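Asks: Provided herewith is a single structure, encoded as structure tokens, for subsequent inquiry.
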Number of protein chains: 2
Amino acid sequence: MSSITYTAAPNPAATIAHERAQTTFDTDAMNLFLEGGDPQHVALIKETLLQLERDPVFRTGPQYYDLTTPEHREETAKKIARFAQYLEVDARNNNSAATKVRLDFLSVLDPQMLSRTQIFLVLFLNCIKGNGSPEQYRFWCEQLKANQMRNMYGCFAMTELAHGSNVAGLETTATLDLDTDEFVLTTPHIGATKWWIGMAAHTATHAVVYARLVVKKDTVNDYGVKAFVVPLRDANHDLLPGVSVGDIGAKMGRHGIDNGWIQFNCVRVPRGYMLLKFAQVDREGNVKDSPLNQLAYAPLINGRVQMVADSFRFGARFTTIALRYAVARKQFGKASDGEEKQLLDYPLHQTRLLPSLAATYVMAAASHKLRAYQDHVLEQLGLVRETDKSGLNDAISAMKHLFVVSASLKATFTWLTALLIDECRQACGGHGYSAYTGFSKGYEDWVVQCTWEGDNNVLSMSAAKSIVQALKKGKDLHSDLAFLASKSLSGKLPILSSFASGVASADHLKVILKAFHGLIIRAGENCIVVLKENGNDWDELGQLQVGITRVFAHSYALGVFLETIPAGLQPQLRAIAELHALSVITSHAALFMEYNVISSENYPSVARRIAELNRFLRPQVIGLTDSFKMPDFLINSPLGKYNGDIYNAYFDTLKQQNDVSITKAPYSHVVEGMLNRSDLSVRERNERTEQVMRILSK
Amino acid sequence: MSSITYTAAPNPAATIAHERAQTTFDTDAMNLFLEGGDPQHVALIKETLLQLERDPVFRTGPQYYDLTTPEHREETAKKIARFAQYLEVDARNNNSAATKVRLDFLSVLDPQMLSRTQIFLVLFLNCIKGNGSPEQYRFWCEQLKANQMRNMYGCFAMTELAHGSNVAGLETTATLDLDTDEFVLTTPHIGATKWWIGMAAHTATHAVVYARLVVKKDTVNDYGVKAFVVPLRDANHDLLPGVSVGDIGAKMGRHGIDNGWIQFNCVRVPRGYMLLKFAQVDREGNVKDSPLNQLAYAPLINGRVQMVADSFRFGARFTTIALRYAVARKQFGKASDGEEKQLLDYPLHQTRLLPSLAATYVMAAASHKLRAYQDHVLEQLGLVRETDKSGLNDAISAMKHLFVVSASLKATFTWLTALLIDECRQACGGHGYSAYTGFSKGYEDWVVQCTWEGDNNVLSMSAAKSIVQALKKGKDLHSDLAFLASKSLSGKLPILSSFASGVASADHLKVILKAFHGLIIRAGENCIVVLKENGNDWDELGQLQVGITRVFAHSYALGVFLETIPAGLQPQLRAIAELHALSVITSHAALFMEYNVISSENYPSVARRIAELNRFLRPQVIGLTDSFKMPDFLINSPLGKYNGDIYNAYFDTLKQQNDVSITKAPYSHVVEGMLNRSDLSVRERNERTEQVMRILSK
Ligand SMILES: Cc1cc2nc3c(=O)[nH]c(=O)nc-3n(C[C@H](O)[C@H](O)[C@H](O)COP(=O)(O)OP(=O)(O)OC[C@H]3O[C@@H](n4cnc5c(N)ncnc54)[C@H](O)[C@@H]3O)c2cc1C
Ligand SMILES: Cc1cc2nc3c(=O)[nH]c(=O)nc-3n(C[C@H](O)[C@H](O)[C@H](O)COP(=O)(O)OP(=O)(O)OC[C@H]3O[C@@H](n4cnc5c(N)ncnc54)[C@H](O)[C@@H]3O)c2cc1C
């Protein structure tokens, strides 16, 4: 019948194939750049992905989006057990690089599995390594085989119901009992209940517990928060006496993690269970305190560095989905060939998505650099002996700088990625709201990254404080902060006053970077003035501190990115760098104009230049997303399919997950009962009919 | 034991009670203002809330956050069936006001239930009323009792897999068969599959189907998209022949809605099933077309107006939670009494939350005004006869204006509310991520409002287009747009150049409103210039259009708000108005500076003034949130409890929902199996020991 052939079906796959063919650069070379430039590492990634893709336990697919919480919990546990087997093999092969790559990609494949593993392998083990003596590490981690994920599963019990960011205010106590030479761990009241502790509910056998060290001799002495190893469950996986544990229950996302609360009811552990690298208590209750209490929180830094890497990978995943969709989907306005226009040909759509793509590229470079720096600092800290005063001081100041950089990047990029996922979802219209397209679980799992292991606002305030203090000091600056000494950038003259057009140039990018630096200096100088006036009340500067930290994080990332651009890919990568930088300026326009880093007369040029860069990058979008080399099984979204056959893939997914032969819901009787009910008057036994009313009111 | 009494438990309830006692205004009077100023209406709200709170079917509580999708679907169906009974009684009492209030609050209590009802009562029935003849309405809605939710359940089948925003491009066909005098409805290909249709999967008996009217006489004539009533299920609730339906499956939120896809396979309906108020086809296939095709989409406007009301109610719910928490929660920095500081005493926290509170107040006023205007316009359209040319023209131009205002407010306020919910969640730290605190379901259910019944970007572009066209025309302006004629606001001089301090004044607020108007005019003039240069390509202006629409929506709301401030509440309400206005300027700072509406030198005054207003409002925050009079059962969050006893409420919730006596997970064997596994070498049957290697490599 002709009505069936009246219009032709859309052919998105052809559109994608057509654009892919237009790519003007080498996507392998681009991928090498994105992965940090080492071909061996890229080869390792390929191997790892192959193993993940074909491992039945790690299979992905739309069923993932239909799992209930109990199912997520069980699947996650199975994935962890499977991962533990890879871990053993990697360890035997002395291939810790492989383990890292595995974890990086598992973080995309299933972030809830990653954090359940990471809290143990990174927070718990690093805490023992960093805060314990070599003997403590050797016993728990090597002898008991925690590092093989055998016998022990450690959780990280820092946060309490009433205290999160303010770690120094935690209220769980570890009181030394001088008679028995034990610590007595106690939760004094509801507010001190350990809260949110990942894997406490059903998995962990041990916890690193952050508690106040209390020694009672003549008076009660509170030595502040220290870390203790506390067993929670025995080898039969039964809760030990005195330990109360419960499930935190329903969350926004990460349903696969069994977060729990813990109360300690006079739980006794031997004195040797306090981690004693930096602080020690002897048999008589004499305390030798830590040179820097914050060292106890160092394990959190690894988590933050991982989140920067995650920002890159999640950015890659979601921009790939939204951009492939934006190329494949057509809506409105006939283009020249009589077809509707592709979404990505609307300038508004370009402005919504291309800056996210650019940000993802820039985050990649920053993440590699940050990780390398972290490895270096932690190695330094690990090698230093407690007796080596000057070595310890160097290590501590490196740690402090690592804190500033990792805190800034963690806060800035996890926020950016949250917005990125949401914008990508909205850019897919209604289909972005389908759980099968990946956005909803992606977003719900993601956003906790803005809160945990350091709330983003709190981290940003604290990082900016260090930056402003460095500016004030003005000397002995870490090379990342050397720009703070550039007196020429302070003052009131515009720094970014001309705008490039055409091909993005290295020189112009340097000026933009200077503008970022200038902004930090000027805003920092303003902080110093305000602090002088307000009696050093940093709290009043909160909002400005957040701004400074963000611009710093972007300037750091941009600097790294510009340094690593390889020769063959300059046109694309410089355009990407400039697009990202100008987008950052746009989102902080008020700051840039307020400090006249860019004048308000010049400001309209930013939008014009962004539009120009968008047009330049537009035809390369498929190539630029292909360069992430994110395979379909990791993308796990019909809208992001490599072959572009989005509508068939999406419809098939729906039919696979929802049996079409079932046309009535299990609760159909409720609906049918409502529709088929009799008239109100009948159901009221006619008690209100006029006739009856006459009888009743007689 | 003394370690237990070493520190005192927090007492958040006392803190809240203390601040509540400091309220300096009458919260009843404030509530009256928030509800639109009619005491009878406020009384009706109280009655309705009492009925909702005590109705077992509508009960709320933490279990709501633990429901699975099938449970949500069933609960939602039960709530709808219960609501249908209230509806009958309201109808008998001639009390449509009560029905409206019920729906408004059900929208907070369970948004998925609301939309499942609303699509039928508002989209479906209004579509028949607005697009059908009086006889068509009388038959389906009155005689068949659809308006009592009996016999029929209607869904609204507009969107297709390949076409959403571009409604004119829909591809489902309704081809007139001249032989049988029937329409043949057909889904020509996968792209034309009706998609996302709420209640299609399991509930609906009928659909209003938007399909192309095709008549084949000598040639194939396509008359564009019209609306048809098509039965989907018979009275036994079985799918009718030719109708294929399936479940859309897992979504980001609103799990309780059974969204479905529909394919029509030569489904025949009588010619009289086309809604014929504006377009008709006679027995010979002659078509008389509609004066304005968009009239067919008018039912969507009701939905948009409802979303503006929802924005107010959701803003009220989530700011109440976050602000009560911000007052009750203490963290860091000892205050003068030796206690830690309340979160809301940090200026950063004030800047994050108080503008949201202010926005909620302003949205309240705007929503009442918009709803009144809508009722007026729809009445006008309902009364006009098809033969009354000039009456029809007036009605159409009123409709067009209603479209502009409702589209701007829908887009601007649903976006604002999405950000508001997210910021409120983050402001509650980790606890905001607990599903029991309400944010996650709130957010996931909310964000689709930015997409459905008109994507926000598409609506914004289209509203701005009308505004710019009105500016160009410059005469016969609707009173809401009369400001466009103020030539004095165009040009380049700053409009907002001085900043008030102290008590917010009516005069200064008028200047701020002028600044908003000036921005719209200047940006609009810029559009006109660009259009002249680029050959009238509106697409290039997309981003600017979105900005114009937002500022217009805020200027409309602010104008309404300022007009309705009652005498007794001026200090608080003017401060709220100014705080909201300055926050809008902050979020559009680049635009305001670019057009020099406010100069960049003056810009720092905005932040200073915001900080001052925050300090002024800070002590009244409990009173200002109490004024919403949102009862605990609607807030449904332990962090937002009226009495402030947040920690106990939260802990009790967890224990109620997660049986503490179950200490092992059902999948514990997976974990235990992993922990208790033997060494790799053993599990490998020692195949890799050196001894064996020696044997094997001989
Ligand atoms: C899913 C999940 C898993 C977790 N897993 C673990 C775990 O395994 N182990 C563990 O120990 N913890 C865990 N946490 C806890 C997490 O680390 C904390 O939630 C986080 O550190 C923030 O602390 P908080 O929730 O107490 O927020 P708060 O510190 O109470 O902060 C609340 C709000 O106030 C603001 N604020 C606080 N102080 C200031 C200030 N001085 N100035 C301005 N604003 C301020 C913050 O920005 C925030 O928005 C987890 C949390 C979640 C949600
Ligand atoms: C849960 C849910 C329930 C729904 N219920 C119903 C229902 O009951 N009945 C029904 O008929 N529909 C329903 N819908 C569909 C909904 O109305 C559409 O999703 C919505 O209208 C947007 O259309 P789209 O998804 O096709 O997006 P598209 O139109 O494809 O837009 C995709 C993206 O492209 C952008 N874009 C599109 N055109 C342009 C342009 N010209 N310029 C710049 N940018 C552009 C948009 O801003 C958007 O971000 C529902 C959707 C959802 C998610």
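The backbone N, Cα and C atoms fix where each Cβ goes, and this holds for glycine too.
Predicted, not measured: the structure shown is a model, and the values here were computed from it.
According to TrEMBL, the protein has these features:
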ACT_SITE  A:E453  active site, proton acceptor
BINDING   A:T159, A:G198  FAD binding site
DOMAIN    A:26-145  domain 'Acyl-coenzyme A oxidase N-terminal'
DOMAIN    A:155-265  domain 'Acyl-CoA oxidase/dehydrogenase middle'
DOMAIN    A:297-467  domain 'Acyl-CoA oxidase C-alpha1'
DOMAIN    A:509-676  domain 'Acyl-CoA oxidase C-terminal'
Asks: Pick the one among the recorded positions A:T159, A:E453 whose Cβ has the fewest other Cβ atoms within 10 Å in this structure.
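Replies: Counting other Cβ atoms within 10 Å of each of the recorded positions A:T159, A:E453, the minimum falls on A:T159.
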Asks: To see if you understand the setup: which same-chain residues, six or more apart in sequence, place their Cβ under 8 Å from that of A:G198 (FAD binding site)?
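Replies: Residues satisfying the criterion: A:S115, A:R116, A:I119, A:C155, A:F156, A:I257, A:D258, A:N259.
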Asks: Using a cut-off of under 8 Å between C-beta atoms, tell me which stretch among A:26-145, A:155-265, A:509-676 contacts the domain 'Acyl-CoA oxidase C-alpha1' (A:297-467) the most.
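Replies: Looking at each of A:26-145, A:155-265, A:509-676 in turn, the most contacts to the domain 'Acyl-CoA oxidase C-alpha1' (A:297-467) are made by A:509-676.
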Asks: With DSSP, how much of the domain 'Acyl-coenzyme A oxidase N-terminal' (A:26-145) is helix, how much strand and how much coil, in residues?
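Replies: Taking the domain 'Acyl-coenzyme A oxidase N-terminal' (A:26-145) as a whole: 101 helix, 0 strand, 19 coil.
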Asks: Quick one: of the recorded positions A:T159, A:G198, A:E453, which have a CB under 8 A from chain B's CB atoms?
Replies: A:T159
Asks: Please work out the helix, strand and coil residue numbers for the domain 'Acyl-CoA oxidase/dehydrogenase middle' (A:155-265) from the DSSP assignment.
Replies: 6 helix, 54 strand, 51 coil
Asks: Using DSSP with the three-state reduction, classify the residue listed as 'active site, proton acceptor' as helix, strand or coil.
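Replies: DSSP assigns the residue listed as 'active site, proton acceptor' to coil.
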Asks: For the domain 'Acyl-coenzyme A oxidase N-terminal' (A:26-145), report the average pLDDT of the model, please.
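Replies: For the domain 'Acyl-coenzyme A oxidase N-terminal' (A:26-145), the model's average pLDDT rounds to 96.
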